[in-house]
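Quick notes on the structure that follows.
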Amino acid sequence: MAEFEEVMQQQLETSLHSELENLLSTADGAEAEVSKKDFEGFKKLFHRFLQVKGPSVEWPKIHRPPEDSIQPYDKIKARGLPDNVADCLNKLVVVKLNGGLGTSMGCKGPKSLISVRNENTFLDLTVQQIEHLNKTYNTEVPLVLMNSFNTDEDTKKILQKYTHHRVKIHTFNQSRYPRINKESLLPVAKDMAITGENADVWYPPGHGDIYASFYNSGLLDQLIADGKEYIFVSNIDNLGATVDLAILGHLMSQPNGKRCEFVMEVTDKTRADVKGGTLIQYDGKLRLLEIAQVPKAHVDEFKSVTKFKIFNTNNLWISLPAIKRLQEQNAINMEIIVNAKTLDGGLNVIQLETAVGAAIKSFDNALGINVPRSRFLPVKTTSDLLLVMSNLYSLDAGSLTMSQKRQFPTTPHVKLGSSFTKVQEFLTRFESIPDMLELDHLTVSGDVTCGKHVSLKGTVIIIANHGDRIDIPAGSLLENKIVSGNLRILDH
């Protein structure tokens, strides 16, 4: 049986290689060179995909990380800022993962170009944060954007508006991999085009691709030559992921021989985060455990807030020389995420992906830092957007901080129904963003609109049943209220 499987695997790989060669023959010179590198990475991933059977972890071998391997942020911060803040900053590069589109929020183009606060986009806020650092400390911290073939063109057009800002901006593209037919395990694409019929047969292979594509772009070597030592990587839609001088100082103050090559910022789980990846000790190394790797029998245990108390924010600090070393040794090992999709025509495909944090086990002296929740402020939905647009947060030099006027540090739980999914529709339903300083919980469902200067306090539930509509009048105060039925306000 094992021999039969091996022969089948070899045949599959041979067929795949032949299909990839056929695809490459349809590319022009420059594109063919880039795609050839991409396909080398895809072949390695495909080879590993064929070999891996079942969950990639053995449950009994999972242990809680040793005490000192996840440090509390307060302990790091108590050491104070380094004497030479400017020197430390000059060795840092900020990298934002910018491969995603805003389709889940009903927007065309890169997600980073959605307006989130006072007409500022995610990208605007990022540039403002880094410019503020560079001006304050007289430093040269560059911004690097990892684009995908989906976001590259639109992002580059917009970058022209920052030419007079005090931030050097570089971009590189993550790889472009072919989606494969679930049955035949062969690429669906017929040629290298990414438009027309081919619009949905390619995909960017997850943010774990950063190591190979950063290295292949030549930018990694260029930054090392410029004296840069660490990158701070985060999702561009996480508005809490700002450069933290205490963490940077901690990294720079360690002896060279024992330098930490990888820091993952984790934060305490709440009920909303039960699916987030967590840090474990496995085979003597810190390792990221994602829900996809958990055997079915243990999924509930994984989701438990008592056993696995923290989750990965995807804010990572990684040594540049270490990435170069491991990339050249082909020693970065990340678990494969198999993502099943159905194309518009009904064809079932799979895409093979990896996650950037999964490489933690390949680096030396890796460390987790348990940071405050304020460093994890992702905007994945319009419910998140409502929070960051509201008076819960103050905006200063591109950074959002919880308003001093809010009496408790937790963020309200907001659930907006399907009528609010798309940004455009969301904006038309709120004449102005309500006062939410004293809000704990908000649920809105159905055809609901909200007038100007509305205040929400405590727990507020507004439900318009099918066929009904609720207009919350301007100036309303709703405190611990359930509103249902039909309430129409007509202009006269």
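Glycine is treated like the rest: Cβ placed from N, Cα and C.
Features of the protein shown, as given by TrEMBL:
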type	residues	note
BINDING	Lys111, Gln174, Gly206, Asp237, Lys380	UTP binding site
BINDING	His207	substrate binding site
List, in sequence order, the same-chain residues at least six positions removed whose CB sits under 8 Å from that of His207 (substrate binding site)? Leu97, Gly99, Met146, Gln174, Asn235, Asn314, Ala355, Val356
Hey, which of the binding-site residues Lys111, Lys380 is the loneliest by Cβ count within 10 Å? Lys380
Among the binding-site residues Gln174, Gly206, Asp237, which residue has the largest number of other Cβ atoms within 10 Å of its own Cβ? Gln174
Among Lys111, Gln174, Gly206, Asp237, Lys380, the record's UTP binders - longest CA distance, Å: 21
